[in-house]
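So that you can see what the record holds, here are the features copied from TrEMBL:
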type     : residues      : note
DISULFID : Cys75-Cys78   : disulfide bond
DISULFID : Cys422-Cys425 : disulfide bond
DOMAIN   : 36-156        : domain 'Thioredoxin'
DOMAIN   : 371-500       : domain 'Thioredoxin'
REGION   : 499-529       : region 'Disordered'
SIGNAL   : 1-23          : signal peptide
Amino acid sequence: MNSRLLSVLLLLLLGVLGPWGQGQDPPGPLEDLPEEPPGEKVPKEEGVLVLNGSTLNRALQEHPALLVEFYAPWCGHCQALAPEYSKAATLLAAESAPVTLAKVDGPAELELMKEFGVTEYPTLKFFRDGNHTHSEEYTGPREAESIAEWLRRRVGPSATHLKDEESTQELIDAQDVVVIGFFQDLQDEDVATFLALARDALDMTFGLTDQPQLFQKFGLTKDTVVLFKKFDEGRADFPVDEEIGLDLGNLSRFLVTHSMQLVTEFNQKTSPKIYAARILNHLLLFVNQTMAPHRLLLASFREAAPPFRGQVLFVVVDVAVNNDHVLQYFGLKAEEAPTMRLINIETTRKYAPTDGGPISSASVAAFCHSVFSGEVKPYLLSQEVPPDWDQRPVKILVSKNFEQVAFDETKNVFVKFYAPWCSHCKEMAPAWQALAEKYRDHEDIVIAELDATANELEAFAVHGFPTLKYFPAGPGRKVIEYKSARDLETFSKFLDTGGELPVEESTEKPETPFLEPPANSTLGPKEEL
């Protein structure tokens, strides 16, 4: 008996040839056995893998570094992210970076949503080495270069290892802001803290060194993180505490504070850094930069700033460009410039100068000190009560009639707090109008709205738009915040059940007003499932 036949007989006896052991004949020579069917080919759209429940596991195995976006086709935030996400994939592919971008249609793959704990769109998760259970959520900016840089710092070094003066000076000269960690021992745990921060501080360039000649060149005798910048004082040092080591939170605050110019002009590019600065007091100078006398004030404003670094963020708002929503937030008109306002973003209290004198470095400093000493009291925005405030289905509330209407013990009052520029508010306006029409004959139900950019309340502050609050009839000044779907049917269910929230439904997060730090100040809004 030849060896080939013997092999077949042994396999038959052991039953490893499947149905053959059930009395069926083998299908011919061994070399003709059917191969395992090939796996499903994973499609790509503009450089991004399109995954589903049957291909995600294989993608995790095949790609050691995988960023997956869980999205919904109907989600506006996902639609805005899509071109930037594809561009990031193209950038990384051109560099042959060892990282892959993918996406999953969440509503079509509910089991995956449950498996990975996805509760809102878009959600981006970064997976390493096929590990399902320890992914890292991406919370960086939603633009291509930031996504690509975030990934580069995870699959490569987050800081350049500097070994000589030439390479160090080249790094410092290459960017406006460069952070270098000077550590005598690169194996110290403080280095790990420094590199962890460098992975996420995408708007700064990082280096590190242990070279004694570099310590000497920059006048250092102990471990220090140095921020080099091409503006203001040019350099800021953060010595490492010899007892407690390098504190991540303190270092992060130091870098954010000192990487900003003493005076920052408010615009779309700088607003995320203004929100992230963690400085509670913001002093705003409103000027029209098309006018020479206004531009001359900038020097005095800047001159007053240095003593307040870390305590007050100095911001210039140009009323000649599209900053209308900022003006509205402070109750100002463009023609009132030049003027100043100070806001504490934790309490949202606003302050205005009381002397009405010219703006100079001395008057700027005096205004700040008078606010901190309590000499200047905060002001509340308020409009006059419209004569026809209650003549339409949706009642118009302002600061001056809010208490009387909302806390009327004989009425159930449902109030929309909105901003005229808020896109979410505009989208829900037809449903709110329809709700008022539907309940206009119910004497105990009032549907109302209040422009929260022009009217502020002592009872509470409004932190996002739209905010919906229900004030049920009866004593006790009870308030229920509505956080469910913004459509006529759900609103009606809510009213008909006396303020019971439908727990199975949800909605997108509200837009935040000017200088109110967003819940996710980098990645931005998401839509919940």
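Using the three backbone atoms N, Cα and C, a Cβ is placed for every residue, glycine included.
Heads up, TrEMBL stuff is auto-annotated, nobody curated it.
Worth saying up front: this structure is predicted, and the values here are computed from it rather than measured.
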* Asked: What's the CA to CA span in angstrom from Cys425 (disulfide bond) over to Cys75 (disulfide bond)?
  -> 17
* Structure fact -> Neighbouring CB atoms within 10 angstroms of the CB of Cys422 (disulfide bond), all protein chains considered, total 20
* To do: Please give the average pLDDT for the domain 'Thioredoxin' (36-156) in this predicted model.
  => 92
* Structure fact -> For Cys422 (disulfide bond) and Cys75 (disulfide bond), the CA-to-CA distance in whole Å is 17
* Asked: Where DSSP helix means H, G or I and strand means E or B, what are the helix, strand and coil counts for the domain 'Thioredoxin' (371-500)?
  -> 35 helix, 27 strand, 68 coil
* To do: Would you mind checking how many other C-beta atoms are within 10 angstroms of the C-beta on Cys78 (disulfide bond)?
  => 22
